[in-house]
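Undergrad: Copying in the features that TrEMBL gives for the protein in this structure:
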type	residues	note
REGION	1-27	region 'Disordered'
COMPBIAS	13-24	compositional bias 'Low complexity'
DOMAIN	58-119	domain 'BZIP'
Amino acid sequence: MSKPSLAVPTSFQVSNGGQVSNGGNQNGEKKVGYINYELEPGFTVRLRQDIDPATIDPMILKQIISNRVSAQKSKLKKHQYVESLKKKTMELQMQANVKRSQLEMLRGEYQCLVIEHMEVEERVFATFQRFNSAKAEFEAAIAEIKRLEKKRADLV
């Protein structure tokens with residue numbers, strides 16, 4: 001993978017409206033401002049005002065610009081990564097909300113099924129009791145028939 005060569009600057013622009021600042025140093029020292037160094041349209045690197053591209057060693061300037069470009073790319077990647085994490089978080093929260101509502105729905109269905117199961121068990125128990133009662137009546141009727149047949153046979 002070859003490293004792209006750095007472009008020649010297309011424009012210089014002093015930031016802060018031409019005001020020179022060194023980040024709040026109050027000692028009366030010379031304050032340093034920044035120059036926006038546009039490498040290509042839409043891609044700008046800030047250089048301190050005391051770095052004059054015309055008088056500084058080209059290799060040092062190239063290294064400074066390379067470092068700034070690398071820093072900007074790192075910030076951009078970090079920003080993209082954070083945005084992708086935010087997007088992923090939102091997607092996961094939406095999925096969690098959907099799953100939560102599905103869970104509540106399934107809990108309701110489960111409760112209905114539990115109630116229905118209890119009703120079915122009660123009906124099975126009642127049917128079993130009726131069956132046992134009918135069986136006992138049937139066996140009693142059979143015993144009565146046999147008793148009456150025996151009594152009739154004894155009379156004849």
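Including glycine, each Cβ sits where the backbone N, Cα and C put it.
Because TrEMBL annotations are produced automatically, they should be read as predictions rather than curated entries.
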Undergrad: Taking helix as H, G and I and strand as E and B in DSSP, count the residues of the domain 'BZIP' (58-119) in helix, strand and coil.
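TA: So the counts come to 62 helix, 0 strand, 0 coil.
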Undergrad: Could you tell me the mean pLDDT the prediction assigns to the domain 'BZIP' (58-119)?
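TA: On average, pLDDT over the domain 'BZIP' (58-119) sits at 94.
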